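Here's what Swiss-Prot has on this protein:
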ACT_SITE  Glu133  active site, proton donor/acceptor
BINDING   Lys107, Ser108, Thr109, Tyr110, Ala111, Arg112, Gln152, Tyr166, Gln176  dCTP binding site
Amino acid sequence: MGLKADCWIRQKAVEDGMIEPFCEDQIGKGVVSYGLSSYGYDIRVSDEFKIFTNVNAEVVDPKHFDERNVVDFKGDVCIVPPNSFALARTVEYFRIPRNVLAICVGKSTYARCGIIVNVTPFEPEFEGHITIEISNTTPLPAKIYANEGIAQVLFFEGDEDCEVSYKDKRGKYQHQRGITLPKIL
């Protein structure tokens, strides 16, 4: 399984629509960088957020998630409260090839500010926006800049196609648009 370079990522994005919209250059002046890099693609966070709140004093339960646990926010800058958590989504829509697994890692710019980004792997033949988990580990409010970089995606091509892809097993987050809350089937 090999890590894929910029030329492969560009070809798959342009010819097969693997990443839409696709930014062929790495944009970094005055913003948290995003776009194509040497061995990855820096994704952007959209201007849609769901910020966790304890107004209703509910327990967070992944099997029975209560939408009252989050507050919707739309804007150019999202303030994540101290020691709190938010969900967001990518600007980009992904179509992952059958023989590819993508791993996402947080950007150093945010990590150095105590902002931890988590995204689960993009499985073979996954299609959709990516829901991003953002943790503010600091005792201070933290800014997240919409339409700027938030994490980097690394693409790994398998030596052979998998027997069962995310699409084949009808993954519960397949074709997700917007921010998707936890689901149990």
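Positions of Cβ are set from backbone N, Cα and C atoms, glycine also.
Because the structure is a prediction, the values reported are computed rather than measured.
Here the binding residues for dCTP are Lys107, Ser108, Thr109, Tyr110, Ala111, Arg112, Gln152, Tyr166, Gln176. Their largest Cα to Cα distance works out to 34 Å. For Gln152 (dCTP binding site), other Cβ atoms within 10 Å of its Cβ number 20. Long-range Cβ neighbours of the residue listed as 'active site, proton donor/acceptor' (same chain, at least 6 residues apart, Cβ-Cβ under 8 Å): Phe85, Leu87, Val117, Asn118, Val119.
Taking a C-beta cut-off of under 8 Å and a sequence gap of six or more, Ala111 (dCTP binding site) has these contacts in its own chain: Val117. DSSP assigns Lys107 (dCTP binding site) to coil in the three-state reduction, outside any helix or strand.
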